[in-house]
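Please read the structure below before turning to the comments.
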Amino acid sequence: MRFHTILLAALASLVIATPLPSDTDVSLERRQSMNSNDLEKGDCKSVAFIFARGSTEIGNMGFVVGPGVCSNLKSTLGSDKVACQGVGGAYTAGLIQNALPANTDSGSIKEAVKMFDLAAKCPDTQIVAGGYSQGSAVIDNAIQKLDDSTRDRVKGVVLFGFTRNLQDKGQIPGYPKDQTKVYCAVGDLVCSGTLIITASHMTYGLNAGDAAKFLASQVSV
């Protein structure tokens, strides 16, 4: 019973720390940036960026860091070279899934795998990926489930507020560490294997530019 009380308190802190923008605060441009479906639209470009948002974030890209990485990547490589795709569908970014052993649920992982498989259908596309908070666990687990040929086409991954940072020792099991960059802000207790959310967990938008540069350095365009 005590565990459930602590868990509920931790999940409640997630809601408090991740306020949803009100309708009056969200411009049309910002709402559009929170959703990106280039791969689902059939856009085969030189680079595909797949991103999984954090818990309670709206859209399929979220608003804390996903859209920023996408826009910076397009600015760096050229908007005609980059397709951005958020993980939506079965991945609802709910709170309770954080408490599962994989820090997310199997349906969400399968949804991300589906996006990687979609990108792999583009024969000349190099794949990069990212995830924030619960989304980092989604991407981590999804990459482990890819077949070898698809995983080999994933050139770089960025993880923000990595919820499996402690469990997976700051990397994605079975994926090259030098192709992975983990962002864990000072004071972000999520990176220490807890569900405790602090203000630091909301700061990763500051790393969007650096993350895009890292991903750009991993591909050849």
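Any Cβ shown, glycine's included, is placed from N, Cα and C.
What you are looking at is a predicted structure, and each value in this text was computed from that prediction instead of being measured.
The active site, nucleophile annotation in Swiss-Prot covers SER133, and the record cites similarity to another entry as its basis. Taking the Cβ of SER133 (active site, nucleophile) as centre and 10 Å as the limit, one finds 34 other Cβ atoms among all the protein chains shown. Taken residue by residue with DSSP, SER133 (active site, nucleophile) is part of neither helix nor strand, so it is coil.
The feature active site is assigned by Swiss-Prot to ASP188. Other C-beta atoms found within 10 angstroms of the C-beta of ASP188 (active site) number 24, with every protein chain shown included. DSSP assigns ASP188 (active site) to coil in the three-state reduction, outside any helix or strand.
Annotated active site, proton donor/acceptor per Swiss-Prot: HIS201, in sequence order, evidence recorded as similarity to another entry. In the three-state DSSP classification, HIS201 (active site, proton donor/acceptor) falls within a helix.
Sequence-distant neighbours of CYS122 (disulfide bond) (same chain, six or more apart, CB under 8 Å from its CB) are LEU39, CYS44, LYS45, ALA48, listed in sequence order. Secondary structure from DSSP puts CYS122 (disulfide bond) in coil. The feature disulfide bond is assigned by Swiss-Prot to CYS44-CYS122 (among others), with similarity to another entry given as support.
Around CYS70 (disulfide bond), the same-chain residues at least 6 positions away in sequence with a Cβ under 8 Å from its Cβ are SER33, SER36, PHE49, PHE51, MET61, VAL82, CYS84. Residues or ranges marked as disulfide bond by Swiss-Prot: CYS70-CYS84 (among others).
Annotation comment: Swiss-Prot describes CYS184-CYS191 (among others) as disulfide bond. Sequence-distant neighbours of CYS184 (disulfide bond): residues of the same chain at least 6 apart with a C-beta under 8 Å from its C-beta are GLY161, PHE162, ASN165, CYS191.
Taken from Swiss-Prot, the feature signal peptide covers 1-17.
As annotated by Swiss-Prot, site 'Transition state stabilizer' applies to SER55 (among others), with the evidence given as similarity to another entry.
The site 'Transition state stabilizer' annotation in Swiss-Prot covers GLN134 (among others). Summarising the environment of GLN134 (site 'Transition state stabilizer'), the number of other Cβ atoms within 10 Å of its Cβ, over all protein chains shown, is 28.
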Rounded Cα-Cα span from SER133 (active site, nucleophile) to HIS201 (active site, proton donor/acceptor), Å: 8
Pairwise Cα distance for SER55 (site 'Transition state stabilizer')/ASP188 (active site) [Å, integer]: 15
Protein Cβ atoms within 10 Å of SER55 (site 'Transition state stabilizer'), excluding its own: 25
